[in-house]
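Record features, source TrEMBL:
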- Gly10, Pro11, Ala12, Gly13, Ser14, Gly15, Lys16, Ser17, Ala18: ATP binding site (BINDING)
- 6-216: domain 'Cytidylate kinase' (DOMAIN)
Amino acid sequence: MKKINIAVDGPAGSGKSATMKIVAEKLNYHFFDTGLMYRAYTWFCNQKKLDFNNDKLLVNSLKDFDFKINQDQVLVNGVDVSKELSSNDIIKNINKITVNPEIRRWMVQEQRNLSQGKGFVVVGRDIGSVVLKDAELKIYLDCSVESRAMRRFKQNEEQKITPNILEDIRQAIENRDKSDMQRSEGPLIKTDDAILIDNSDLTINEAVELILKEVSKKIN
């Protein structure tokens, strides 16, 4: 069967990873969440106690950063950091990483290297517009701020992440949206050729079925 590449963009917490991971499994495609790279590098900078206001230091430290995905594990310099990437420390500081043009260019090149060929589901903020501009199917997965905040709140409860204050989460999501949409390098946009899916009131299975129908149209 013919394989295609699927580029998925959308704001933080819109369900991109949870939804598209299932899509990838059903299609037997490779799944790649590019946001994990930015989260992992934020974790790395936190561990090194770097000054997040020192752009030059943040860029220079990329040479010491090694990122790998091994099934469900995210490895930074050989250390499994999978369970630490949703912490409030990451959410608080990740904007300083994602808005840095030099870091984004480095990340984009690495993301392209990791998704060469066909049969990839790649999710992020600038996939359809920058990373995989030639993807056969582009999707913009949207979701209301309120729905995203509640999902993150429940996720934090399940993972026993503290502090866990709904209003703080909502504010952090709004700040992240503003940062993602206004940055100069790789801003979050819906490309003209992307299909808009609002999953604010959809279950994951409903969103998956909608997307699989779009995939079927492209393959057939």
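Cβ atoms are placed via backbone N, Cα and C, with glycine included.
No curator has checked TrEMBL annotations; they are predicted automatically.
Taking the features listed in TrEMBL, we show where each one sits on the structure.
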| residue | record | contacts (Cβ under 8 Å, 6+ apart) |
| --- | --- | --- |
| Gly10 | ATP binding site | Lys16, Val123, Arg125, Tyr140, Leu141, Asp142, Cys143, Leu188 |
| Ala12 | ATP binding site | Gly35, Arg148, Ile173, Arg176, Asp177, Asp180 |
| Ser14 | ATP binding site | Leu141, Asp142, Cys143, Arg148, Asn199 |
| Ala18 | ATP binding site | Ile204 |
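Across the domain 'Cytidylate kinase' (6-216), mean pLDDT in this model comes to 94.
Cβ atoms within 8 Å of the centroid of the Cβ atoms of Gly10, Pro11, Ala12, Gly13, Ser14, Gly15, Lys16, Ser17, Ala18 (the ATP site) belong to the same-chain residues Thr19, Val123, Leu141, Cys143, Arg148, site residues excluded.
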